[in-house]
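The domain 'Photolyase/cryptochrome alpha/beta' feature in TrEMBL is assigned to 1-132. What TrEMBL records for TYR223, 235-239, TRP274, 277-284, 375-377 is FAD binding site. The annotation site 'Electron transfer via tryptophanyl radical' is assigned in TrEMBL to TRP309, TRP362, TRP385.
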Amino acid sequence: MQLVWFRQDLRVVDHRALTQARQRARERGEAVAGLFIISREQWRHHHMAAVRERFLLERVNQLGAELARLGIPLHLIEVPWFREIPSALASWVRERGVSELHAHSAIEIDERRRDEAVAAALPIPSHFVPGCCVFAPGEIRTGKGEPFKVFTPFSRAWLGQLASRGFSLLPTPRPIAAPLTWQAWPLPERSEHEQRVLADWPVAEGEAEARLREFVEAEVTAYAERRDFPARQGTSRLSTYLAAGVLSPNQCLAAIQSGLGVLPMEKGAPGFAWLNELIWREFYRHLLYLEPHLSMNQPFQRHTRALAWSHDEKHFTAWCEGRTGYPIVDAAMRCLKQTGWMHNRLRMIVASFLTKDLHISWRRGEDYFMSQLIDGDLAANNGGWQWAAGTGADAAPYFRVFNPTTQGERFDPEGTFIRRWIPELAALPAARLHQPGPLGNYPAPIVDHGAARLRAIAMFKELG
Ligand code: FAD
């Protein structure tokens with residue numbers, strides 16, 4: 001039997017490991033089976049949000065149904081920690097007579113170590129193949145073979161590869177055996193919070209593809225103008241699907257190509273701004289793979305380890321709860337808590353506020369985001385936090401500090417987003433909304449932005 005181990009690639013379309021397993025099964029006259037391993041303790045250790053865990057498990061149930069239609073059974077096993085997986089898997093493959101294991105390779109350090117231990121423990125060959133990016137992490141390098149540390153040259157090289165090699169979308173698999181019945185994994189009732197959050201992220205077959213198609217047909221060319229305004233639906237809202245591998249980036253490229261007739265390869269071309277975000281996704285994945293210290297809580301720029309971060313718990317709690325007295329920050333943080341998702345502009349604003357106004361370490365923000373986000377993704381989250389904090393690769397320069405008031409005025413000019421999440425301020429006119437001061441239950445700003453900004457700049461200057 002050929003076994004496919006599904007991890008962050010919960011789809012049947014454009015799945016290289018599944019395709020490879022099916023081919024080997026044909027050659028050897030064997031069956032194919034799928035496996036998903038639930039590692040709850042490990043997930044908690046990685047701060048995975050409860051809603052993300054729920055999303056994954058519901059999606060696994062749907063994947064089981066899709067595989068069953070192809071004649072492929074999906075097995076589920078529970079092993080609390082990664083370190084227990086190699087021996088559990090070794091006994092499992094022995095008992096079931098598995099002859100080869102196939103999976104997509106991981107980029108995160110814990111997952112890579114887990115896979116190395118699995119390969120060493122299994123009595124059968126294991127094949128880990130790239131599958132999370134258009135170009136395998138580590139593949140895009142400078143002319144000298146060095147990793148890129150700056151986005152623009154990386155994106156140029158990435159686009160060069162796309163122009164010369166194209167991308168390959170694997171064909172949709174056909175059934176290889178009679179359909180099976182799928183016994184769904186029993187899950188407890190959704191909590192109210194899960195109900196609310198998951199309503200935005202349906203897992204049924206074809207939902208993610210339909211959202212992708214609709215976005216490309218109706219929105220992608222307007223993305224560059226609309227993407228920065230959180231009150232508008234100007235972005236794709238595909239991140240949860242991409243992070244869990246329900247969609248592959250190749251599927252995104254194929255959708256752009258079929259929707260626009262051509263892939264936009266240059267700045268300014270219709271749809272290019274969106275493609276560029278997919279390239280950021282690849283950039284951060286390349287970095288995480290090539291710089292393992294990023295997975296270990298370390299800043300990309302090592303000298304910034306010496307930054308003297310604040311440990312003010314009151315400030316941290318006010319930030320988490322959306323009670324900083326800065327409306328755009330508070331609205332964003334309340335939205336995150338209630339919906340498990342936040343718009344990209346807001347992620348940048350609140351990350352800047354935590355690190356540059358409250359001087360609290362990006363690590364705490366990164367962990368808190370992970371504990372709330374339904375699209376939590378180590379590479380993108382770490383990349384985003386280190387960008388905002390000024391400690392990352394190609395980060396925002398340390399002296400450029402977002403002003404939370406003018407960011408609100410600029411990107412939520414009518415206050416539509418703020419009013420939605422801060423009912424205490426809903427009746428205020430737009431002119432007062434961004435600097436309300438203390439008002440009823442709504443607090444005064446917990447720090448003075450001007451002074452906090454100077455302190456942040458000084459902290460970096462002190463590094464020498
Ligand atoms: P779109 O704007 O439609 O972009 C399409 C896709 O491109 C996204 O779904 C995502 O997969 C990718 N993408 C877009 N922007 C980025 C980016 N800056 N970096 C990497 N990939 C990107 N994204 C996550 O998927 N998971 C995270 O945990 C995460 N944490 C973040 C933390 C911070 C502090 C910041 C500043 C950004 C973070 N991002 C994260 C990136 C980005 O904010 C989200 O991907 C985006 O808001 C998702 O919305 P969308 O699907 O509508 O994106």
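Indices start at 1 and increase along the chain as displayed.
Glycine residues also receive a Cβ, built from the backbone N, Cα and C atoms like all the rest.
Automatic prediction, not curation, is the source of TrEMBL annotations.
Ranking the recorded sites TRP309, TRP362 by how many Cβ atoms sit within 10 Å of each one's Cβ puts TRP362 at the top. With TRP385 (site 'Electron transfer via tryptophanyl radical') as the anchor, the candidate recorded positions are TYR223, ARG237, TRP274, TRP362, and the one with the nearest CA is TRP362. Taking a Cβ distance under 6 Å to any atom of ligand 1 as the criterion, the recorded positions ARG237, ILE279, GLU282, TRP309, ASP375, TRP385 reduce to ARG237, ASP375, TRP385.
TRP362 (site 'Electron transfer via tryptophanyl radical') has its Cα within 10 Å of the Cα of none of the binding-site residues TRP274, ILE279, GLU282, ASP375. Taking H, G and I as helix, E and B as strand and the rest as coil, DSSP gives the domain 'Photolyase/cryptochrome alpha/beta' (1-132) the counts 67 helix, 26 strand, 39 coil. For ASP375 (FAD binding site), applying a Cβ distance below 8 Å and a minimum sequence separation of six or more within one chain yields ARG52, SER239, THR240, LEU242, ALA243, TRP341.
Put simply, TRP309 (site 'Electron transfer via tryptophanyl radical') is 31 Å from ILE279 (FAD binding site) when counted between their Cα atoms. The average pLDDT computed for the domain 'Photolyase/cryptochrome alpha/beta' (1-132) is 97. Looking at ARG237 (FAD binding site) and TRP309 (site 'Electron transfer via tryptophanyl radical'), their Cα atoms lie 33 Å from each other. Look at TRP385 (site 'Electron transfer via tryptophanyl radical'): DSSP puts it in a helix.
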